[in-house]
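Chemist: Provided herewith is a single structure, encoded as structure tokens, for subsequent inquiry.
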Amino acid sequence: FGDVKDKTIADLCAAPGGKTAQLVHAGAQVTAVDRSPNRIARLRENLSRLSLEAGTAVADALEWQPPAGELFDGVLIDAPCAATGTIRRHPDVAWLKQEADIGALAAVQKRMLQKAATLLKPGGTLVYCTCSLEPEEGEQAVASVLAAESGLRRAPVGRDEVAGLDEILTADGDIRTLPSHLAHADSRLGGLDGFYAARLIKS
């Protein structure tokens, strides 16, 4: 997002609130949305413990309507995903997730991207991320929404924004980390989690 001071940001699928807290700490006015009352309660507890404040809403992100039709400077989607990027720490993922699960999740993710486009002000920023290795949940989901006349365009992440980790940037300027990245940095765990992030701008 860059400098978020005094910017309004909707954090969809926000609980338990780690990213919400970081955004609030950086000066953003955040509305945190999650469909689980228990998870929103946990998010509120976490913010209180950190002496931070954010607006909250218990709602399905796909159906949520902000008060008075408010539009946001930014929307964050840390989307529900197959979590295959965590396989080095959670090897059971390979047995728990089926191909059909990935297809179903990818369909929801595309709908979430389309919904997010409707919540942004012109010139607003959408950050979409998943901890998945599957292109259906990353590159393909973003390509789909860009092709759907959603009013979104890609805002490539620059080399100066990734602290010299050029290997994690895709040709399109998205972020794609793999378990093989930085494998030398931690011989016990062997690299990074798999992760994908894209930055899009509303025209």
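Backbone N, Cα and C define each Cβ position, glycine as well.
Pulled the feature table from TrEMBL, pasting it below:
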DOMAIN    1-203  domain 'SAM-dependent MTase RsmB/NOP-type'
BINDING   C13, A14, A15, P16, G17, G18, K19, D34, D60, D78  S-adenosyl-L-methionine binding site
ACT_SITE  C131  active site, nucleophile
Chemist: If I take the alpha carbons of A15 (S-adenosyl-L-methionine binding site) and C131 (active site, nucleophile), what is the distance between them in whole Å?
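Modeler: Cα-Cα, rounded: 15 Å.
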Chemist: Distance check, please: Cα of G17 (S-adenosyl-L-methionine binding site) against Cα of the residue listed as 'active site, nucleophile', rounded to an integer number of angstrom.
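Modeler: Rounded to a whole number, the Cα-Cα distance is 16 Å.
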Chemist: Express in Å, rounded to the nearest integer, the largest CA to CA distance found among the S-adenosyl-L-methionine-binding residues C13, A14, A15, P16, G17, G18, K19, D34, D60, D78 named in the record.
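Modeler: Those residues reach a largest Cα separation of 19 Å.
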Chemist: Using Cβ-Cβ distances, find the residues under 8 Å from C13 (S-adenosyl-L-methionine binding site) that belong to the same chain and are at least 6 apart in sequence, listing them in sequence order.
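Modeler: C13 (S-adenosyl-L-methionine binding site) has long-range Cβ partners V33, D34, A61, I77, D78, A79, P80, M112.
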Chemist: Within its own chain, what residues at least 6 apart in sequence put their Cβ under 8 Å from the Cβ of D60 (S-adenosyl-L-methionine binding site), listed in sequence order?
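Modeler: Correct list: R35.
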Chemist: Fewest neighbouring Cβ atoms within 10 Å: which of the recorded positions A15, C131?
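Modeler: Each of the recorded positions A15, C131 was scored; lowest Cβ tally within 10 Å is C131.
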Chemist: In sequence order, which same-chain residues at least six apart have a C-beta under 8 angstroms from K19 (S-adenosyl-L-methionine binding site)?
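Modeler: Counting only residues 6 or more apart in sequence, the Cβ neighbours of K19 (S-adenosyl-L-methionine binding site) under 8 Å are D11, L76, D78.
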